[in-house]
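In what follows, a structure is listed as C-alpha cells, so that the remarks can point back to it.
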Amino acid sequence: MIGYLVRRAGSALIVLALISLFTYMIFFLLQPDPAVTICGKTCTPDKIDSIRQLLGLDRPFWAQYGDFITGIFTGRTYGDGPTAIQCSAPCLGFSFQTQQPVLDLMLSRLPVSVTIAVGAAVLWVVFGVAGGLVSAIKQGSVWDRTAMAAALTGISVPITFAALLLQYVLVVQLQVLPFPQSVAFGDDPVAWFDSYLMPWLVLALGYAAIYARIVRANVIDTLQEDYLRTARAKGLSAALVIRRHALRPSLTPVVTLFGMDFAGLLGGAVITESVFGLNGVGKLAADSIAKNDQPVIMGVTLLAAAFVVVGNVVVDVLYTVLDPRVRITS
C-alpha cells in the first residue's frame, strides 16, 4: 500500500507539473502584456519596463516558468535592493489587480467553495443513490418511471436556468428564503443554512439525477448475477441480498464519479457561485479570467487540478474497500 501511494504521489506531481506548464505557456503566448495591464493605459514606457523587470517578464519563457515553480517550493523575491518584495513559499505570485498574494486570495475564498461542495454532495449522494436503488428494486413500477423521468429532467436543465428559476420562485415569489450571501456559521447558523440551501439544491439537482440513473442500471445488472440467485435460493431475504451482496459492487462506479465530481467542485463551482454572487474560488476564477489576472488563474487552475488528482488516488484506495475483487498489487 505504501509503495502504491508513493508511486501515485509521484505521478500526481508529474501531472500537476504538466498542467502548470501548459497553462503557463498559454498565457505566455496569448495574453496581453501583464505590465501594461498593471500599469494602466496612461503609463509611460519607462514605467512599463520597470514593472517587467520587477516581475521578471523581460526574461525568456523557461526562466519565468522556472521562477514560478521554484517559488512554490522555496519562495520568491521580486526585484532587488531595498524595494525587493518577498513572497514566502508556497508562492503563487501576486494578483495583478489587487497586488495581494494569490495563495491568500484563494484561501480566503476556499471555505465558501468547500461549504457549497460538501452540502451539495450530501444531497446528491443521499437522493441519487436512494432514488436509483428504489427504482431498481421496483423496476417498471410507477415510482420507477416517475423517478427516471424526473432524473432525465434534472440532467437536461442547465444550472444557470435552475438557479434563476429557484431564485425567482423561492426568493421573489414565495419569499421563503433570502438571497444567498456569505454568512459565517458561527455568526448565525440559521442564516448560514438558508443562504447556502439554494446553491446546494441547484448543484445537487443534476448530479443526483445522474447518480440515480447509474445506480439503478448497476443494481439491475447486479441482481441478475448468478451468485445473487444462489443467495436467494439459500433462503436469504431480499433486503439482506440487496444490502449485503448487491449494493456494494453496484456503488463502485459511483465512487469513481463522486471522487471526480466532488474534487472538481472543491476547486470552485464557477457558474453557481457567479449566479448567486458567492465569493468562492469559482467566482474568483471567473473574475480573474475577465480581468486577465494571470497569477490568480494559474493558482486556481493548480488548486483545482490538485483536488482532482488527490481525489483520483482516494478513489483507487476506496475501491479495495468496496469491491473485494480489487486489490492493490506491486
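Every residue gets a Cβ built from N, Cα and C, even glycine.
TrEMBL labels come from automatic prediction, so no person has curated them.
Feature list (source: TrEMBL):
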- 12-30: transmembrane segment (TRANSMEM)
- 112-137: transmembrane segment (TRANSMEM)
- 149-170: transmembrane segment (TRANSMEM)
- 190-210: transmembrane segment (TRANSMEM)
- 254-276: transmembrane segment (TRANSMEM)
- 296-322: transmembrane segment (TRANSMEM)
Counting Cβ pairs closer than 8 Å, which of 12-30, 112-137, 149-170, 254-276, 296-322 has the most of them with the transmembrane segment (190-210)?
112-137
For the transmembrane segment (149-170), could you work out the same-chain residues 6 or more beyond its ends whose Cβ comes under 8 Å from its Cβ atoms?
131, 176-177, 179, 198-199, 201-203, 205-206, 208-210, 212-213, 271-272, 275-276
Non-local residues, at least 6 beyond the ends, that sit with Cβ under 8 Å of the transmembrane segment (12-30):
61, 64-65, 68-69, 294, 297-298, 301-302, 305-306, 309-310, 312-313
